[in-house]
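Heads up, the thing below is written out as structure tokens.
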């Protein structure tokens, strides 16, 4: 099985709980640990870490920095364990966590629904072709010996048969995963963030996220600056810290060069699923534009 974006250890989780999910220096002794009212449930390599860091700049949000993986790997530990991982919050503050693998975990919607049926869900989606390449790039950095992207993407290269069982490809079948969620949650309770717009217009995407969570629009364009080296926005320096909060070195990796024919075939493969996803969500993410722009 592919490694998830980060495999969080028990030790990290207990530290996150005691440190209020902020990294130790701001351990509040007040407030109480509550189960999360909102979850960033997906998708891997879509921009979930960037979204989490941006929403944590809001004073009414407290979030776990590590991924608890409760609804996929740690469910057997029970809700009390999960609550103890959460930061302390005051009345009126929202408790959040993000674990991108929830979106593709078939049991997750039912489990979250049985915790609290009014949980707000956030899904960050991104062009599934770029997402798959980014996913592969991450695995490659940890396991340089794996086969090429082209080899893994096809069951049969000559016939052009895509291997949809490879997780890097499967995660991008958003419409199929969403069907599972819609059995338990109404569409109004799920907010979709465009991973592309999170880069080109972070303040615009964050305005919509804050509205969805019922928060005052406090995280605005003044919180971001564009980092030319990385090629994406970073959060400006918070008053109490000496450095801007930019995503770590594992973000913004250079993708390997992929055969254009493979990209073309993947776009063709994903197109019907993308169209279905646009219809289901009522939003056009314009991933098809990329093909016609060439």
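Counting starts with 1 at the first residue shown.
Note: Cβ is positioned from N, Cα and C throughout, glycine not excepted.
Taken from TrEMBL, the feature region 'Disordered' covers 1-33. The domain 'Sulfotransferase' annotation in TrEMBL covers 36-271. According to TrEMBL, the feature 3'-phosphoadenylyl sulfate binding site maps to 45, 46, 47, 48, 49, 126, 134, 251, 252, 253, 254, 255. Taken from TrEMBL, the feature active site, for sulfotransferase activity covers 45. Look at TrEMBL and you will find 234-246 tagged as disulfide bond.
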Cβ atoms near residue 234 (disulfide bond) (within 10 Å, other residues, all chains): 21
Mean per-residue pLDDT computed across the domain 'Sulfotransferase' (36-271): 92
Those binding-site residues listed as 45, 49, and which of them has the most Cβ atoms within 10 Å of its own Cβ: 45
Between residue 45 (3'-phosphoadenylyl sulfate binding site) and residue 246 (disulfide bond), the C-alpha gap once rounded to whole angstrom: 16
Sparsest-packed among the binding-site residues, when each Cβ's other Cβ atoms within 10 Å are tallied, from 134, 254: 254
Count of other CB atoms lying within 10 Å of the CB belonging to residue 47 (3'-phosphoadenylyl sulfate binding site): 28
Packing count at residue 246 (disulfide bond) (other Cβ atoms within 10 Å of its Cβ): 18
Distance, residue 49 (3'-phosphoadenylyl sulfate binding site) to residue 246 (disulfide bond) (CA atoms, angstrom): 10
